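Report on the structure given below.
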Amino acid sequence: MEQHVNLSEVRPPPTPYRLERPVYDEAYLHSQLLHPKDRSPKTVRQRLAKQLHCSSERAKAIALSFLPILTWLPSYPVKEYLFGDLVSGLSTGVMQLPQGLAYAMLAAVPPVYGLYSSFYPVLLYTFFGTSRHISIGTFAVISLMIGGVAVREAPDSRFTIQAPNATNGTYGDFIDTEARDARRVEIAVVLTTMVGLIQLVLGLLRFGFVAIYLTEPLVRGFTTAAAIHVFISQFKYLLGIKTDRFSGPLSVLYSLAAVLTNIATTNLTTMFLGVVCVVFLYGVKYLNERFKKKLPVPVPGEIIVVIVCTGISHGLSLSDNYQVDVVGTIPTGLLPPSLPDFSLVPNLVADSVAIAIVGFSMGISLAKIFALKHGYSVDGNQELIAMGLCNFVSSFFQTFAITCSMSRSLVQESTGGRTQIAGLLASFVVLVVVVAIGFVFQPLPQTVLAAIIMVNLLGMFKQFRDIPGLWRTSRIELTIWVVAFVASVLLGLDLGLLVALGFAILTVVYRTQSPKTVILGQVLHTGLYYDVDEYEEAVECKGIKIFHSNSSIYFANSDLYVNALKEKTGVDPLHLQAVQKARKRKLKESAGKERRNQKSSEKMSAIVKLDGDLGVTCEVVSGDDSQNHMDVQQNGLVAEARPESDSEEAQFLEPLGPVHTLILDWTPVNFIDTVGAKAIKLMIKEYAAVDVCTFIAGCSRTLLDELRTLQFFTGVVTPEMIFPTVHDAVLHCQRRPVLPTNSAIQ
């Protein structure tokens, strides 16, 4: 019978790897083998001349990096891309209209400002952005953060006035909503200006890496908490309940308590319309997800709901007959540019930093996902500049801060969008509504916008599924997720983000202070060294302990590193010093006994000599010490004593322990500071005092330069103790004779 062999399971024999060279140490490498290139330091003038050097190529590169649209628009394939961008732009624009109106409610500003924020930033990002698929505009999390600041700086209580009641003529407390909204718009605009300025400056300073400090579990936990805030804040609009808007710590609990306290005042018409919209939108979203491969474009459920409910509200006069709250006045046309009120800046600095970082982090993370999927790259620094320009320039036209929207970006990509031409067309859709037909949406019930917001939060609530996966893969990242979620829910989004960021940094410190430490052993007949507790083939070298710790050495963990070394190797210099002192004490006692016995023998020799002169024969045996004796022979012949010190000195010259050499594997060490260097030097000195030699292996050239700068190679530490690989160090130790040091003999 023929045997079928699976060729995929047949591995070729390993490639031979033969190398014969001397054992190198750092002293030989630095002086003989490696010769640094000539890098003479340049003057400040030379450096400035190099940075400010201008040429046509450099000018072109700067222009292309600042205006990425110039890299792809001249070669835009019209026949291949235009139809997909057209469909995608119309679909995204239709989706952006209701979301702009809805998220303006979260930002505590009139709905029309959501439309402004859906036009100017999208138009600007087309020219300055590097991502081809994300949809820039209003977003729930950022809008809620802006709304929290606006409510904190302009609460309803500040705009309460005494006015007569239209029904009974009595005076009562009323809120001047027009003045309140105008003040909140000013706050949102100034906040947006500062957010844009911060992002722009960070981008020009090449600080695009700041987003890495907002790790993915932190961002997902934070946005899930934001979804809780947004969801609870929309209950009063969904049910038609009049309550105050809260901000700050525990605001989510206060908002929920206020809704439950006033639940009896629910407007049944508002609730019915809102619940119907939620069910319809959820059903449309489910169908779009279920049949996304069969549908040419997603069903625009949101715009359908807006149009139908606007018609119903206008036809039945829901605002007058059923007291249903509606959007209200939407002015036609665009506002002229105006300067923000910069007197508000001092109170908004911390909030603007938080919003700037969160907005950029969410934008760049989504941009990288699409770039990886479609095979192009995005520039983090240019994205910062693009978002900064979008926010800063647009704020002069009365917009609030924006970032990318996950739901709209998915629609823009899934409907065939290839470039930001789709975003440009989406902004034109919003422009048409603002300029021409914005007044049509004035009868739109606010409960419809609340329903749109709630259904769009479903994607964020699905992030709770992260918890089981993180439990299986990384408990530390799960802790970051939970802390970000709980802190943001209870303390508010601004303080919650600060707490989560601080906790994430603490986890990094914790990981450096509790690294994995192992003892390495050699795989026989190879130069490979692995954990002896994990692999059977790894065998420790006799008398040598190879210590490996996967962390750098600095002030926060230097003592922990030394303690882990002593514990893992079982070689404690204090214990060895105690053994050494005991041996010295025993040797001194033996030497004292020898001197006393010698004096006794000299005295007895004198007596024997005297007796010999008198003709007396005698024999003297010391009964006190059985090991030291002397025989006195007849006629005065005396035998010399045999000292016991020979065996004791031999015992003293034996090693203090089975380990005579320690090798520190510094392959994972990226940096070391002055505290760490001093701790290692002190440790090497302590081991040298008890005849245990210490060597270091696997240092990078950068780390060696740091060690030289720190003057590490002085005193007991020399470059001859540094080896390029662990195997070099082991071979050196195996051929080195193990002899006691002078300190042991003295």
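Cβ coordinates are placed from backbone N, Cα and C, and glycine is handled just like the others.
Taken from TrEMBL, the feature transmembrane segment applies to 101-128 (among others). Only residues 6 or more beyond the boundaries of the transmembrane segment (101-128), in the same chain, are considered here, and those with a CB under 8 A from a CB of the stretch are 66-69, 135-140, 143-144, 146-147, 150-151, 181, 184-185, 188, 230, 233, 237, 245, 306, 327-331, 334-335, 382, 385-387, 389-391, 393-394, 397-400, 402, 420-421, 423-424, 426-427, 430-431, 433-434, 438, 441, 444, 446, 449-450, 452-453.
Here TrEMBL flags 134-151 (among others) as transmembrane segment.
The feature transmembrane segment is assigned by TrEMBL to 187-212 (among others).
Annotation source TrEMBL lists transmembrane segment at 270-287 (among others).
As annotated by TrEMBL, transmembrane segment applies to 299-316 (among others). Below 8 angstroms of C-beta separation, residues 91, 94-95, 97-99, 101, 273, 277, 280-281, 284-285, 287-288, 322, 324, 326, 440-441, 443-445, 448, 451-452 of the same chain, each at least six residues beyond the ends of the transmembrane segment (299-316), sit close to that stretch.
Beyond its flanks by at least six residues, the transmembrane segment (353-372) meets 130-134, 136, 139, 141-142, 145-146, 191, 194-195, 198-199, 202, 208, 210-211, 214, 216, 219, 222-223, 378, 380, 383-384, 387, 391, 401-404, 406, 409, 413, 493-494, 497-498 of its own chain at Cβ-Cβ distances under 8 Å. According to TrEMBL, the feature transmembrane segment maps to 353-372 (among others).
Annotation source TrEMBL lists transmembrane segment at 421-441 (among others). Long-range contacts of the transmembrane segment (421-441) within the same chain: residues 76, 81-82, 84-86, 88-90, 92-94, 96-97, 100-101, 111-112, 115-116, 118-119, 122-123, 125-126, 135-136, 306, 310, 327, 330-334, 412, each at least 6 residues beyond the stretch ends and with a Cβ under 8 Å from a Cβ of the stretch.
Marked as transmembrane segment by TrEMBL: 448-465 (among others).
The feature transmembrane segment is assigned by TrEMBL to 480-510 (among others). Within its own chain, the transmembrane segment (480-510) has Cβ neighbours under 8 Å at 141, 144-145, 148, 213-215, 217-222, 224-226, 228-229, 247-253, 350-351, 354, 358, 466-467, 470, 556, counting only residues six or more beyond its boundaries.
Annotated domain 'STAS' per TrEMBL: 534-733, in sequence order.
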*Who are the chain neighbours of the transmembrane segment (448-465) in space, where the CB to CB distance is under 8 Å and they lie at least 6 residues beyond its ends?*
98-99, 101-103, 105-106, 111, 140, 220-221, 223-224, 226-227, 230-231, 234-235, 237-238, 273-275, 277-278, 281-282, 285, 302, 305-306, 309, 327, 406-407
_Beyond the flanks of the transmembrane segment (270-287) by at least 6 residues, Cβ under 8 Å_ = 237-240, 299, 301-302, 304-305, 309, 312, 318, 322, 324-325, 445, 447-448, 450-452, 454-455, 458
*asked:* Checking distant contacts: for the transmembrane segment (187-212), what same-chain residues at least six beyond its ends satisfy Cβ-Cβ under 8 A?
replied: 107-109, 113, 146, 149-150, 153-154, 340-342, 344-345, 348-349, 351-353, 355-357, 359-361, 364-365, 379-396, 398-401
